[in-house]
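**Q** Have a look at the structure that comes next, please.
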Amino acid sequence: MVTLIHTLADHSDDVNYCAFSSSCLATCSLDKTIRVYSLNNFTELPYSPLKGHTYAVHCCCFSPSGRVLASCSTDGTTVVWDAGDGRMLAVLEQPSGSPVRVCQFSPDSTYLVSGAADGSVVLWNTQSLRLYRSGNVKDGSLVACAFSPDGHFFVTGSSCGDLTVWDDKMRCLCNEKAHDLGVTCCDISSQPISDGEHGCRYFQMASCGQDNQVKLWLIPFADFLGAELKYKCTLNGHCAPVLACAFSYDGQMLVSGSVDKCVIIYETSTGSTLHTLSQHTRYVTTCAFAPCSPLLATGSMDKTVNIWQFDLEQPRAGNTAESEAKVSVEGWSEDDVSAWLCAQDLADFVGLFKSNNIDGKELLNLTKESLANELKIESLGLRSKVLQKIEELRMKMEPGSGAAPDEFLCPITRELMKDPVIA
């Protein structure tokens, strides 16, 4: 299970990004500041907040060692800070002067990438703190970036929907149209996976976008004279644009945050939803797993950062009645549906549902007609009981459980409309 253990409410404007080191959590905001907290008791460090930017801070990240912190801003700079005492070590100005939307360190701390609104990508040498290489994406603003675990390549995402793979010499290895309405975030799992059949090894990547989707990709191990993005699957748990995604340190979980105000935690291997968290009151803009402890941070336009703690054992979809409310039923397998039937005292229908290949998505689409005509459930009372239980599941899936119907919510802010006008 996941438990909310702390809420940070020190920022005076939208929280844009959060990042963990082994001992600290950093958050940044439209209020132009970066705040740094100790993971021991979530108290703010003495030098926090960091005030060096003149406009909104869009992204922050720790170097792998945790000794250095980088932040980037609308002011066109990426600032490098000493994470021990908060000293400003360098101000790296984007050559074009364009607002910088994202920054990331390479796994060996050799390079720092900064990506800007004009599509420029800069690779900085972290030893000399000087520009090493630069390039540009074809169209749109650069809004997302992630390094491979071995540091041989990195991936950028743009507002026009492209994912681009670059090597460490800033050569473009691959370009893929990923999200029709624009990419918003991407992350690469630190744990490679194998296909099990041919012994091929892959890096696994997640991307999310304005199309409400989270997509999983496989990048084969290669000599990196070329590269390939292989589409794996799409996760459709959100009902509004997805703004953030991140893998857990062991690669077994993936978290996403959305305009629908929800945070969804998936099991990476199956794509099943483990938890849906709906405590934020505005868009969820960022999420991050801690590298050395069972913690998750989620940040929002409600100006808060929530800290969540995981139990060591994660519940599987459909295992208990208690987990139902947190699980996206659409991701259930046939076995999960069978377990749910047993928990509802409907075990007599397990064989019938399995023989008709009823998974989570099919379960939610069942009607009284399909129960009677296709599944041949003759008893009116039993049909009514099944439909009642399915309706309870639908209610639990809705953000806020029992909230207003979707058509009553503003499609942009996802808040209840008080005086709607149809144009």
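Note that Cβ sites are derived from N, Cα and C of the backbone, with glycine treated the same way.
In case it's useful when we look at the structure, here is the feature table from TrEMBL:
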- 50-91: repeat 'WD' (REPEAT)
- 93-134: repeat 'WD' (REPEAT)
- 146-167: repeat 'WD' (REPEAT)
- 235-276: repeat 'WD' (REPEAT)
- 277-311: repeat 'WD' (REPEAT)
- 332-396: domain 'SAM' (DOMAIN)
- 403-423: domain 'U-box' (DOMAIN)
**Q** Can you tell me which parts of the same chain pack against the repeat 'WD' (277-311), counting only residues 6+ beyond its ends and a CB-CB cutoff under 8 A?
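**A** 1-9, 11-22, 25, 27, 29, 39, 42, 243-249, 253, 255-259, 261-265, 326, 399-400, 413-414.
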**Q** Within the same chain, where does the repeat 'WD' (50-91) have neighbours whose Cβ lies under 8 angstroms from its own Cβ atoms, ignoring anything closer than 6 residues to its ends? I mean 6 or more beyond.
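**A** Here the qualifying positions are 13, 16-24, 26-36, 97-105, 107-109, 112, 114, 116, 124, 126, 129.
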**Q** Let me spell it out: take the repeat 'WD' (93-134), skip the flanking residues so only those 6+ beyond its ends count, and list any with a Cβ under 8 Å from a Cβ in it.
**A** 55, 58-65, 68, 70-78, 80, 140-151, 154, 156, 158, 166, 168-170
**Q** Count the residues of the repeat 'WD' (50-91) that DSSP assigns to helix (H, G, I), to strand (E, B) and to coil, and report the three numbers in that order.
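**A** Helix, strand and coil residues of the repeat 'WD' (50-91) number 0 helix, 23 strand, 19 coil.
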**Q** Which residue counts does DSSP give the repeat 'WD' (146-167) for helix, strand and coil?
**A** 0 helix, 14 strand, 8 coil
**Q** Is it possible to list how many residues within the domain 'SAM' (332-396) are helical, extended or coil according to DSSP?
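**A** Summed by class, the stretch gives 47 helix, 0 strand, 18 coil.
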**Q** Using DSSP, what's the helix, strand and coil tally for the repeat 'WD' (93-134)?
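**A** Within the repeat 'WD' (93-134) the tally stands at 0 helix, 24 strand, 18 coil.
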